[in-house]
Ligand SMILES: O=C(O)C1=C[C@@H](OP(=O)(O)O)[C@@H](O)[C@H](O)C1
Ligand SMILES: C=C(OP(=O)(O)O)C(=O)O
């Protein structure tokens with residue numbers, strides 16, 4: 001992602017005519033400094049009980065004038081910014097309510113307080129109701145320093161400012177407060193007052209309380225403060241914030257009492273668990289806690305660096321990643337795409353339930369498989385890594401998982417939710433599975449129904465959607481189940497539940513689907529048999545740990561296979577790709593269309609066939625896609641539709657209704673994008689007809705702006721399409737690419753595509 005603009009020249013200017021900052025400390029002073037630095041043309045005055053702060057503010061050139069009597073400073077003011085400690089807000093608001101009638105109608109009031117519910121209550125008491133011109137806010141920036149002399153014009157640059165507007169807020173007032181903070185260089189976002197107070201209790205107030213407490217405890221034990229002479233980096237890092245302004249923090253803890261107490265309860269419970277582990281020398285529990293924490297801390301770094309999809313999803317719900325791809329470009333070179341997503345999920349699941357230590361290499365460090373990994377940490381499994389695709393899982397055995405403290409969040413991943421459902425149905429504890437907005441729309445009845453036949457108790461939301469609530473302690477019984485759809489996720493779910501069931505669990509599939517679960521179970525020494533369309537296993541066995549080598553994901557490789565298949569002169573080799581027969585629909589379909597594909601260096605790793613795939617450009621022709629290839633290429637269709645748009649003649653797909661229940665309705669999402677590019681097509685319920693251009697001397701279609709609907713495969717498919725477009729293709733909502741293919745943009749650039757990332761729009 002591109003760096004956000006930092007230079008003051010490029011920030012939108014703040015147009016207020018006259019600002020009044022009430023409380024001229026570090027926060028108010030830094031806002032004045034930032035505005036001055038941005039070229040703010042208006043007048044700034046300040047009100048502070050401390051005359052020397054005002055004098056210093058004037059001397060530093062931050063404010064034009066000031067005084068200690070609020071009522072006297074309100075003439076002609078356009079915006080008032082309250083930067084006094086939280087408990088002083090009420091008297092300031094009362095004065096404002098009494099005096100503001102003298103000022104212009106248009107005055108907007110905002111604040112910078114660290115808690116929001118109490119300040120909203122103050123406003124309601126002072127004004128009789130929440131005025132629509134009040135927009136409460138909180139800049140997430142600060143320093144242990146205080147006073148106007150510590151003002152820093154860069155304090156807010158790239159920092160978040162959370163605004164908590166009430167439903168009756170005046171849209172103009174909100175826009176003006178947003179403009180104020182953007183001019184100071186901040187990223188502005190919005191949330192409700194309640195959510196703000198809960199989030200801040202955990203992320204800011206609790207850490208401050210702990211730092212104050214630790215320093216105070218140590219200082220009391222050592223009156224002469226001798227001990228601090230020996231305190232090194234860890235102490236310094238942990239306690240820096242204990243130097244913060246005591247009055248301000250007293251006010252915050254009084255104001256945000258309930259949310260702070262609830263986060264403190266959680267913390268005390270965690271501390272008690274650690275105490276117990278230390279006392280009893282419980283090395284596994286210590287390692288599990290530290291590993292989880294260390295991983296979470298690294299993950300937090302990726303959030304800060306905005307390198308993660310989750311960062312977009314959780315911290316910037318209104319900000320999206322956009323790809324801009326220039327038309328043309330090349331498709332040349334050797335590359336290795338990341339590890340297989342299906343196998344990465346399964347390696348963690350089976351490794352966790354195994355006896356012994358499982359070493360995984362080639363693990364996909366994408367958000368989907370990382371969410372699976374994190375969920376097992378939350379169930380007490382010690383997992384080291386991932387470090388460059390290597391993960392070490394300390395298996396806990398079939399019955400060693402522990403109840404997680406809360407819901408297990410599996411992000412965007414249908415695979416994880418469905419496989420987890422089977423596995424959790426066999427546990428002794430209750431559990432809840434949740435996911436992101438896209439996953440929340442996907443059907444889970446397909447696993448809940450057969451699991452109920454096995455004896456599980458599972459509640460879903462309306463229409464069989466997530467979240468799933470799974471009752472622990474069920475006595476599962478094996479079933480003989482004919483799946484109504486060809487789904488590896490349903491099959492795998494039932495096989496995993498079958499591990500815990502009495503007797504035999506048999507699953508019949510209407511067409512072959514990926515068989516990674518069966519292969520990996522066999523690899524862990526658990527017998528899974530197959531005859532024709534049916535596979536089965538006996539419950540009650542055990543898994544034995546062993547090494548797993550995850551090959552590159554053929555679903556990710558597909559984008560580059562199609563890139564080369566449509567680009568004259570292309571020659572790409574994809575290394576070490578998994579070519580399991582249940583996954584090679586894309587190779588078969590492209591070959592039928594006339595692509596020049598060869599497999600080199602074919603061999604087997606850990607029970608899965610792999611090869612290097614070389615593909616050189618050859619003109620494509622439209623085909624009727626054989627129905628038996630559909631489940632074998634299910635995730636590859638968005639990219640194959642782009643191949644079809646470049647082929648000569650019509651390509652017809654039928655029997656692919658499953659595409660409608662993926663991360664998006666992939667038939668409709670692709671049809672909508674193809675329409676924007678000007679590609680003729682006809683949508684039917686279970687497929688699509690696409691008319692290809694087939695003339696490789698001219699571009700195959702135009703450009704345009706496409707909504708990927710937050711679906712990674714839609715985003716990457718239209719990025720590849722640009723190789724044969726006549727104009728730029730701009731694709732919105734691409735953060736989700738990180739769920740399956742975190743390096744996609746870098747590799748696309750590597751082969752010669754002209755793709756750039758436009759970053760976050762923060763409005
Ligand atoms: O088992 C798996 O790992 C997967 C199975 C497929 O889903 P269905 O089982 O719903 O077809 C596929 O679309 C998904 O990306 C991964
Ligand atoms: C459908 C996909 O994944 P999942 O079902 O795990 O969300 C996919 O990766 O294309």
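Glycine is treated like the rest: Cβ placed from N, Cα and C.
Matching 459, 635, 686, 689 to the 3-phosphoshikimate binding residues that TrEMBL gives (341, 342, 346, 487, 489, 662) identifies 635. Under DSSP, residue 346 (3-phosphoshikimate binding site) is assigned to a helix (H, G or I) in the three-state scheme. Comparing local CB density within 10 A for the binding-site residues 342, 487, 489, the maximum falls on 342.
Distance between Cα atoms for residue 341 (phosphoenolpyruvate binding site) and residue 662 (3-phosphoshikimate binding site): 15 Å, as a whole number. Of all residue pairs in the 3-phosphoshikimate-binding list (341, 342, 346, 487, 489, 635, 662), the one with the greatest Cα separation is 19 Å apart.
Relative to residue 713 (phosphoenolpyruvate binding site), the binding-site residues 342, 346, 487 all have Cα atoms farther than 10 Å away. Closest by Cα distance to residue 442 (phosphoenolpyruvate binding site), from the binding-site residues 346, 487, 662, is 662.
Between the CA atoms of residue 487 (3-phosphoshikimate binding site) and residue 635 (active site, proton acceptor) there is a gap of 12 Å.
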